[in-house]
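As recorded in TrEMBL:
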type     : residues : note
REGION   : 1-29     : region 'Disordered'
COMPBIAS : 17-27    : compositional bias 'Gly residues'
TRANSMEM : 36-56    : transmembrane segment
DOMAIN   : 40-459   : domain 'Major facilitator superfamily (MFS) profile'
TRANSMEM : 76-97    : transmembrane segment
TRANSMEM : 109-130  : transmembrane segment
TRANSMEM : 136-153  : transmembrane segment
TRANSMEM : 165-182  : transmembrane segment
TRANSMEM : 188-209  : transmembrane segment
TRANSMEM : 273-295  : transmembrane segment
TRANSMEM : 307-328  : transmembrane segment
TRANSMEM : 335-357  : transmembrane segment
TRANSMEM : 369-394  : transmembrane segment
TRANSMEM : 406-429  : transmembrane segment
TRANSMEM : 435-455  : transmembrane segment
C-alpha cells in the first residue's frame with residue numbers, strides 16, 4: 001500500500017511542478033522528479049513506515065501481551081515507554097553515524113537493529129525480553145528519525161524538496177494507522193513479525209539507490225558524487241551548475257572543522273539552532289504525544305466512545321498529512337506552519353472548553369462532541385504542518401559541517417520532549433483536564449508567534465543559499 005501511495009504522490013508532485021521552472025540550479029532547478037529520485041525516496045520512507053509501526057504497536061498489542069505473559073500495568077507501561085528511551089540513545093548517535101558510514105549505511109544498520117528487536121519480541125517469554133526487543137526497535141527508530149529526512153533533502157531538486165521530505169511524516173502516519181488496523185485482527189506475536197517486513201523491503205531497496213551526492217562530496221569522493229547526482233537528475237540533465245555549487249560549498253566547509261555539539265552554541269549558528277531546537281520543543285510541548293498515546297482515554301473521560309474517536313482520528317490524519325505534502329512546495333513552509341499552529345491552538349482550546357463546561361455542569365450533552373471536534377481539529381491541523389515541517393526545516397537550516405551534531409541534538413530534544421509529555425500526560429489529566437488543554441493551547445499560540453518572528457521561508461532555495469543566509473561564515 002505504501003509503495004502505491006508514495007509513488008502516486010511523488011508523480012503528482014512532479015506534475016504539479018512540471019511546467020516551467022527556471023534553471024536556477026540547472027539539474028536541481030529542473031522540476032521533474034526522475035524515477036531515481038522517486039525510487040530513492042520510496043526506499044528511504046520505508047524507514048518512516050518502520051518508525052510508524054513501532055509507535056503504533058503498543059496500543060493494539062496491550063491486551064494480548066498482558067494476558068499471555070501476565071504483565072502488570074507498570075510492566076506494560078515500561079514496555080510502552082522504553083521505545084522513546086531507545087530512540088533517545090539512537091538520536092544522540094544518529095548524526096555521527098550518518099556522517100561516518102553515510103546515509104544509506106545508516107538506514108541499513110537501523111533496519112538490522114530493528115529486525116533483531118522485532119524478532120526478540122516475537123519469541124519473548126518474559127517481560128525483560130520484551131523490553132530488550134522494544135529498546136532495540138526504539139534505537140533503530142531514533143536513527144531513522146534523523147537520517148531519512150536528511151537523505152531525502154540531500155537528493156531532491158530544490159523545488160520538490162519540501163513535498164518529498166514531508167512524505168516521511170505521511171509514511172509515519174500510515175505506519176501507525178496500518179498497525180492499529182492490522183493489530184485489531186492479529187495476535188501480538190504475528191503483528192511483531194509483520195513489523196520486520198518494511199525493514200526487509202528497505203534493506204533490499206538500499207542496494208538499488210545512490211548515496212547522497214552531498215555526503216559523497218563531503219567525504220572527498222567528488223567523482224562518485226557527480227555520478228550519483230547525474231543518476232538522480234537523469235542521464236541527459238545538465239548537472240554542472242549544481243555539482244559546482246555542492247563542490248564550492250564543500251570546499252568552504254573543509255576550511256572549517258567538523259563541529260561538535262558544543263560548537264553549535266556559537267553566535268554564527270544561533271539562528272539555525274533557535275529555529276531547529278525551538279520548533280521541536282514547541283512541537284512536542286504542544287501535547288501531540290499525550291493526545292496521540294492516550295486519545296482513547298481522552299474521549300472516554302469526555303463521555304465519548306474511545307474506539308469511534310480513534311477511527312475518526314485516523315480518518316482525519318492521513319488526508320490532512322497528504323494535503324500538507326501537496327501544499328508544501330506550493331504555499332511554502334511558513335504559511336503552512338502558521339495555519340497548522342493556529343489550528344492546534346484552536347483544537348486544544350475547544351477540548352479545554354469541553355472539560356470546563358463538564359466541570360461546571362453546563363451543556364452536558366454537547367461537551368463530548370465539543371471534545372471530539374477539538375481533538376480532531378488538533379489532529380488535522382498538526383498533520384497539515386507541525387507534524388512534518390519541523391523535520392523538513394531541521395534538514396535544511398544547518399550547514400553540512402554541523403549537520404551531524406545538530407541533527408543529533410534536535411532529534412534528542414524531540415524524543416526527550418516526547419517522553420516527558422507521554423509520561424506526565426496522565427498525571428496532568430488527573431490534576432485538571434481543563435488546565436492541561438488550556439496549557440497546551442497557550443504553547444500552541446506561542447508557536448504561532450515563534451514561526452511568525454523567527455522561522456525563515458526555505459521554499460525554492462538551495463540548501464547552500466538557506467545556510468548562507470542564516471549562518472554567514474565568520
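The chain as shown is numbered from 1 upward.
Using N, Cα and C of the backbone, Cβ positions are placed for all residues, glycine too.
Where the annotation comes from TrEMBL, it is an automatic prediction and has not been curated.
Worth saying up front: this structure is predicted, and the values here are computed from it rather than measured.
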Contact set of the transmembrane segment (335-357) with the rest of its chain, CB cutoff 8 A exclusive, min separation 6+ beyond the ends, reads 282, 286-287, 298, 302, 324, 327-328, 363-364, 366-368, 370-371, 373-382, 384-386, 389, 433-438, 440-441, 444-445, 447-448, 451-452, 455
So are the transmembrane segment (136-153) and the transmembrane segment (435-455) touching or not, going by 3+ C-beta pairs under 8 A with a sequence gap of 6 or more? no
Proximity of the transmembrane segment (307-328) to the transmembrane segment (36-56), 3+ C-beta pairs under 8 angstroms: no
Check for me, if you would, whether the transmembrane segment (165-182) reaches the transmembrane segment (406-429) - at least 3 Cβ pairs under 8 Å, residues 6 or more apart in sequence. no
Restricted to the domain 'Major facilitator superfamily (MFS) profile' (40-459), the mean pLDDT of the model is 85
Contact between the transmembrane segment (76-97) and the transmembrane segment (406-429) (3 or more Cβ pairs under 8 Å, separation 6+): yes
Outside the transmembrane segment (406-429), at least 6 residues beyond either end, the same-chain residues with a Cβ under 8 Å of its Cβ set are 81, 84-85, 87-88, 91-96, 98, 142, 145-146, 150, 261, 264, 269, 272-273, 276-277, 280-281, 283-285, 287-290, 293-294, 297-298, 301, 394-395, 398, 435-436, 439
Same chain, outside the transmembrane segment (435-455) by at least 6, Cβ under 8 Å from its Cβ: which residues? 271, 274-275, 278-279, 282-283, 285-287, 290, 333-334, 337-338, 341-342, 344-345, 348-349, 351-352, 355, 374, 386, 393, 425, 428-429
